[in-house]
Amino acid sequence: MTENDDPGADVDILLHRLDPDLPVPSYAHPGDAGLDLLAAAPVVLPPGGRATVPTGIAIALPRGFAAFVHPRSGLAAKHGITTLNAPGTIDAGYRGEIKVILVNTDTRAEARLERGDRIAQLVIQQVASARFTEVERLPGSDRGAGGLGSTGGYAIAEGAH
Ligand SMILES: O=c1ccn([C@H]2C[C@H](O)[C@@H](COP(=O)(O)OP(=O)(O)OP(=O)(O)O)O2)c(=O)[nH]1
Ligand SMILES: [Mg+2]
């Protein structure tokens, strides 16, 4: 068995193309975590600007799953374009068009994306639903309440921010 035919953690998901002229989004390589989402319309992002971009697809995730709209690292590294609400959350019950909220973090350059460009990637994951039990005191742990940098290790000099 090669990586190409190992089913891994495959899950069947119903997909509806609202824009049948665009291809169904697909994984670039077998085993990739993210499948690229396409822009269904051209978009111009002024420096610092944002836009909500249609992808032309809607999906029906099985209960117990969610999809997350992640940025593409190439767009981020080369052009400063990322997803504003990263990662965007697609709920299992959502049947509307998947939209990508892009932001151009470059303060000087306008960004132009064409219809059909790969603008973000969708990661499908299993998620748990919480059943909360309220208590007066939580069980202890090694970390306790330490967070937000409690373990240290920053290269930035004190007073620099
Ligand atoms: O990047 C995103 C994020 C969300 N959605 C859709 C699917 C998701 O299920 C729905 C709601 O998203 P979220 O809960 O993040 O937004 P909200 O502001 O809380 O809206 P709502 O009140 O509809 O839950 O919007 C997208 O298409 N793209
Ligand atoms: Mg919500």
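Every residue, even glycine, has its Cβ placed from backbone N, Cα and C.
According to TrEMBL:
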{"type": "BINDING", "residues": "Arg72, Ser73, Gly74, Asn85, Thr89, Ile90, Asp91", "note": "substrate binding site"}
{"type": "DOMAIN", "residues": "23-152", "note": "domain 'dUTPase-like'"}
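Annotated features, which come from TrEMBL, shown on the structure.
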| residue | record | CB count, 10 Å |
| --- | --- | --- |
| Arg72 | substrate binding site | 20 |
| Ser73 | substrate binding site | 11 |
| Gly74 | substrate binding site | 10 |
| Asn85 | substrate binding site | 12 |
| Thr89 | substrate binding site | 11 |
| Ile90 | substrate binding site | 21 |
| Asp91 | substrate binding site | 11 |
Pairwise Cα distance maximum in Å, substrate-binding residues per record: Arg72, Ser73, Gly74, Asn85, Thr89, Ile90, Asp91: 26
In sequence order, those binding-site residues of Arg72, Ser73, Thr89, Asp91 whose CB lies under 6 Å from ligand 1: Thr89, Asp91
Average pLDDT across the domain 'dUTPase-like' (23-152), rounded to a whole number: 97
Summary of DSSP states over the domain 'dUTPase-like' (23-152), given as helix, strand and coil counts: 7 helix, 48 strand, 75 coil
